[in-house]
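> Just lifted these from TrEMBL, have a look:
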type     : residues  : note
REPEAT   : 57-78     : repeat 'ANK'
REPEAT   : 163-187   : repeat 'ANK'
DOMAIN   : 247-352   : domain 'PGG'
TRANSMEM : 254-274   : transmembrane segment
TRANSMEM : 294-315   : transmembrane segment
TRANSMEM : 336-356   : transmembrane segment
TRANSMEM : 362-381   : transmembrane segment
TRANSMEM : 420-443   : transmembrane segment
REPEAT   : 614-646   : repeat 'ANK'
REPEAT   : 713-734   : repeat 'ANK'
REPEAT   : 748-769   : repeat 'ANK'
REPEAT   : 818-842   : repeat 'ANK'
TRANSMEM : 866-885   : transmembrane segment
DOMAIN   : 902-1007  : domain 'PGG'
TRANSMEM : 906-928   : transmembrane segment
TRANSMEM : 948-969   : transmembrane segment
TRANSMEM : 981-1001  : transmembrane segment
TRANSMEM : 1013-1035 : transmembrane segment
TRANSMEM : 1069-1094 : transmembrane segment
């Protein structure tokens, strides 16, 4: 360990009996690989056998060198070490190649596979190849290296380890989106391979700990045609999004403060006009194009940030009980914060006030480049928060076609669709921003520069905005030397089908390896020893295995006819017990399969039904990988389709999973005894309903009885088809299946009709009832009809179907085993639209008692969402609902502990937001638009728009101050007044934000006469409308009509029980009516004010 080469040389020269032993059974070469190349050479020249000695963990010096990543030392060991060194494994079954891959040493990987190409076949103790190890350890450079090298890639991209996992499975589990993308796009990895637990790669995406990784995996996998394991969609467990909801709640406070600060900065900029004010109180640059751009962009910044604040505030209050709503409001708020164009407004303002000189022009160009580059850097955020490894083409492809039609994806990953929307919107915003930067810069040049200087600056801007880069990929090939059980030259010659080279190496004496140089050429053969046909590769593959896997049928025939001296010539097994026929069938090499089958028939050697370690026959492997022509050849040669593998799966089931119609047709046509067994007692028809109508029809024509067979959960293929929602497949099963299939129930007592109703497939429900009308009377183990199931899952389309069908009228008030009607279920589920539809169109009864003595109105007490509770109470009371008879002094008022805790947590941040609004409005009151006169009064004091500004600014100050007081009081009181004060404070914050926005608009109207005010008005009007719609749809009484509100106001006023039990319902209705009136008045007032200001300006000389 002293690193003294001279000392090492002296010891090994002078002392022949010198020991090289070290700690933990290491020898000197183990230590030397971390020192220097010269020391390694010395030791190898002294004792080459040091390279094959193991330490206490079974590691050779080559393992150590591979872990260190020194390519030169690895090459030195490979060139000198005895044969077999590269194939040695440690106590965990890891070869030196596995070690290099796990640590991402691509150069060492190239060196190892360059010397010994068959080393790529090596598997560790878990049956994993080097590609499995690269995927598990997220070594994308090694995966890219393997994809570019056909010899390395071979058949390993879809290879399965001892647990049935492919590299794609492990890449998903490891959270490596870039590797998943590379394996699918460039490696053409299969997406439908089942591991021993019955999971496809898409199933494993749900186990991702990162929301963004999960979204990326789902989008990428579905884009390339991935499907989950065959199972009913109603058995899928949706991604809970618990961590995401918690993160949103924690982040919303900070983002709300950020949005208010943006609005404050933009508001202050609107009063501190660039260029100042003239003696008449108007802006000096009011007719400047850059100034007009500044005003429009500044207005967008204020309006977008106001929308963001309101959405974040309301979203946080809903986060505890309605995570989907909080997610949507959070995503939209993020986009609004991003779109707030404060940077563009700043840039256009600078352009408006800078004089066109050469020095100032240099400053402006520098500013432009800095802003442009900074914006480009910000786009790297997309790499962290969006499906980064997925291209826009893939996203659009997924969204437009595959994602829209994948019901299982929508149910299991409910946030993926919103993420795709978010990515597309984000992209549009970015493109618009980049264009906006260029447009603002270009128009200002046209105004401030003469023609000659314009052209110079435009050229300069174009030149400065161009960014070029180049990438170079250098693939090094290592020198090759050495000899093992099968020399590299023989392996490569067989791999590439070079029959003459193979025969030359087998029939003539040769050196143990190829001299240093290109392994692709065999320039000479040196006397050493003769190759034999029984030489084996890393995983005991013979020359016949290698040739069969690459499909070289002619070479197989020549080898057989020249060297067939062994009765087991065709049935030699590798370490996985694969025969050459297994290898050829797995790779889909039709020619090789036919040759092997013909030779087997001629020799009488039975290989067609041989099983490997996983008990797969060649037919299993060909069917699993969808090689239809290969399956046809195998079944024509009487391959058995009645065998099942270790996982209990038949070839027919695997053929269905692989989506290969020719393979399915071949097995059914030729093999009369074919089994259709799959995992979990499924049959092939269970899986086919998720594939295609053609495959379903084939199976039903073959065996109609498949339609009535059940899996381990008692589900028939009709249950699966009903869950999938494909009407044509359901119709095909109903047409061919036995008549009783529709009435069959699973282990939970659910019929196919219940399943379709739970998932909202109204067309399937209609088809099932149309074929078997009495099926609508079916009840599950809880006594629930299909309508109960639809209401429980909030499937309004199925409820509408039941309401419109007179034959189903009796189900609207039907009671389940516990006395609950569909209306009870709708209230318990918080399904506002369904409650409204049942009451308004279904005319259901509101006074039915369940077995617990509760009416629908009583169940509202269990609601944890304030907004849901208000909507339910208002709707039910409006249609005459009341609670069960009891003394009023025994009534328990509605309360929610989670909401109370959430309100308390949010009050501090909202108080900060309200104080910031008050600060901005207060500063605006003293920073008057325009100048002050000599008397100290504002120059525009007589202007109508200025008066409106003062009025609205006062409202903003007063309402924000009131909000602060209410929030502070509510938090201190910690009583029932907490919720009431919080709700009122929310409205006051709303009023203050809107008033601030309108005050800014009126101030702008007061100080400028430019027609750009139309664009400002449109931007503000659009933002207010979007905000009103979103808040009303997600948080407000979205299902209520004006008549419903008035009916509640009349009946609720007379109901003492409602007033006592639901304190805030009445207040919410009055607030909603007041809010709608205020919004309408504001919009009308803004329009009228704009017209008045224009008229007064037009009449001024």
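Yeah, the Cβs are placed from backbone N, Cα and C, and that goes for glycine too.
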> Give the residue counts of the repeat 'ANK' (748-769) per reduced DSSP state, in the order helix, strand, coil.
15 helix, 0 strand, 7 coil
> Within the repeat 'ANK' (614-646) only, compute the mean pLDDT.
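Reported value for the repeat 'ANK' (614-646) is a mean pLDDT of 94.
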> Could you pull out which residues elsewhere in the chain have a CB under 8 Å from any CB of the repeat 'ANK' (818-842), counting only those six or more residues past its ends?
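Tertiary neighbours of the repeat 'ANK' (818-842) are 782-783, 787-788, 791-794, 796, 799-800, 802-803, 811-812, 848-852, 854, 856-857, 859-860, 862-863, 865, 868, 871-872, 875-876, 879, 1038-1040, 1044.
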> If I count Cβ-Cβ pairs under 8 A between the transmembrane segment (294-315) and each of 254-274, 866-885, 981-1001, which range comes out on top?
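Out of the listed stretches, 254-274 contacts the transmembrane segment (294-315) most.
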> What is the three-state DSSP composition of the repeat 'ANK' (818-842), stated as helix, strand and coil residue counts?
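Each residue of the repeat 'ANK' (818-842) counted once, the result is 17 helix, 0 strand, 8 coil.
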> Which residues of the same chain, at least 6 past either end of the transmembrane segment (981-1001), have a Cβ under 8 Å from a Cβ in it?
263, 267, 270, 299, 302-303, 306, 309-310, 313-314, 317, 866, 903, 906-907, 910, 913-914, 917-918, 920-921, 924, 949, 952-953, 955-957, 959-960, 962-963, 966-967, 969-970, 973, 1016-1017, 1020, 1023-1024, 1064, 1067-1068, 1071, 1075, 1078, 1082, 1086
> Which sequence positions outside the transmembrane segment (254-274), separated from its termini by at least 6 residues, show Cβ-Cβ distances below 8 Å to it?
283-285, 291, 294-295, 298-299, 301-302, 305-306, 308-309, 312-313, 316, 333-334, 336-337, 340, 342, 345-346, 349-350, 352-353, 909-910, 912-913, 916-917, 919-920, 923-924, 927-929, 993, 996, 1000, 1003-1004, 1007
> Tally of helix, strand and coil residues over the repeat 'ANK' (713-734) according to DSSP?
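Split into helix, strand and coil, the repeat 'ANK' (713-734) gives 16 helix, 0 strand, 6 coil.
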